[in-house]
Amino acid sequence: MSTLVQCGYFERGQCQSCRHIKLPMVQQLAAKTQELQQLLAPFVVSTNTQFLPPVVGEDSGFRNKAKMVVLGAAHAPVLGIVSPNGEAVSLCDCLLYPADMQALLYRLERFVQQAGIPPYRIDKAKGELKYILLTRSQVRGEYMLRFVLRSPDAIARIERELPALMAEYPQINVVSVNIQPIHMAILEGDEEIFLTENTRLEERFNDVPLFIRPKSFFQTNPHVAAKLYQTAREWVGEFAPKSLWDLFCGVGGFGLHCASKDIPLTGIEIEAEAIACAKMSAQMMGLDNVQFMALDSTDFAKGDAAATKPDLIIVNPPRRGIGESLCDALSEFAPRAILYSSCNPKTLAKDLVHIRGYQLTRVQLFDLFPHSDHFEVLAMLVKDSR
């Protein structure tokens, strides 16, 4: 891992997404560690709380997903962003992407040109192609390619050029069109139209098969994410739980790492596509004592499910955290332990105020987002025996 990444886009002021890229990784990690320790200091009530060393990965070439705004014109498309001064900037060779992904992004610029699809102009409410979303699986280097269109009008042009693209890049496994008709900078709409027989991308973290569908959330740094899931498995394994809940479970990464044929698992996630992926993974793993349901996690916990209290609960909420209502429900369930995976330590700290009767015993930072302010935190809460 190098100590400093050189980015021309940042130097020229064209892209400021990696706001800390001029700092060596050691300094970036020190700042994140200090922030985490300060936020969680009020919850360290004894010397039993361990702050473990941060887990890091590569500082470039680590990202598995590109979200490209389509700019320019049909004869000269640009995949990237609008710079602070209003310039269309191609980010096909962004250093966060692996080399093969960069090459494919450049090829997709040519694809748009060959198809003659006009980029959407939000200021004029004209054009067709809004975004290109590209996701890479590390298993076989396969890709899921999504075109976000204003309407179905340009689908025929995509279908016309697609055979040549897929012959050149046979690792493109899934292709779809998302229809987003609203004249706003919204990433995707409700309608998804598949142009390939395959509708999901296979990934594997450690020994767990996982699946990615167009609208299911998936970690963007697979190397560090695999370590995150493995650490969760080890921490949970120390409790030998008799039953598990995985709330905000997504495609099932945490729960499937921690479940076994002897440990029943209930996974809850509001996104139906993610639940479909989790069910496929459980089937591949031969787990028949697992159930995944497309429900709101808070509604589930406060409903009839309260009658079947789990031995250990995993929560992996979005940036807003789990909220006071779910914190109250977890406190009432009083499981032996709660494993909280957070992508926002500020909301983690807010939630810890409302989770009553638990000690924070172990914390570890996972740097899934180098050069940014963001990071993931794994926190173990153990029922207070006092």
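Quick reminder: no glycine exception, Cβ is built from N, Cα and C everywhere.
Swiss-Prot annotates C7, C15, C18 as [4Fe-4S] cluster-binding residues; of C92, C94, the candidate listed for that same site is C94.
When the binding-site residues C7, F248, E269, N316 are screened for a C-alpha within 10 angstroms of the C-alpha of C343 (active site, nucleophile), the residues that qualify, in sequence order, are N316. In the structure as shown, the Cβ atom of C343 (active site, nucleophile) sits within 10 Å of 19 other Cβ atoms. Considering only the residues assigned to S-adenosyl-L-methionine binding, Q219, F248, E269, N316, the longest pairwise Cα distance works out to 15 Å.
Across the structure, N316 (S-adenosyl-L-methionine binding site) and C94 ([4Fe-4S] cluster binding site) are spaced 29 Å apart at their Cα atoms.
Rounded to a whole number, the distance between the Cα atoms of C18 ([4Fe-4S] cluster binding site) and E269 (S-adenosyl-L-methionine binding site) is 30 Å. Close to C18 ([4Fe-4S] cluster binding site) in the fold, though at least 6 residues off in sequence, lie V5, C7, F10, L96, P370, H371, S372, each with a CB less than 8 Å from its CB. In this structure the alpha carbons, written CA, of C15 ([4Fe-4S] cluster binding site) and F248 (S-adenosyl-L-methionine binding site) are 32 Å apart.
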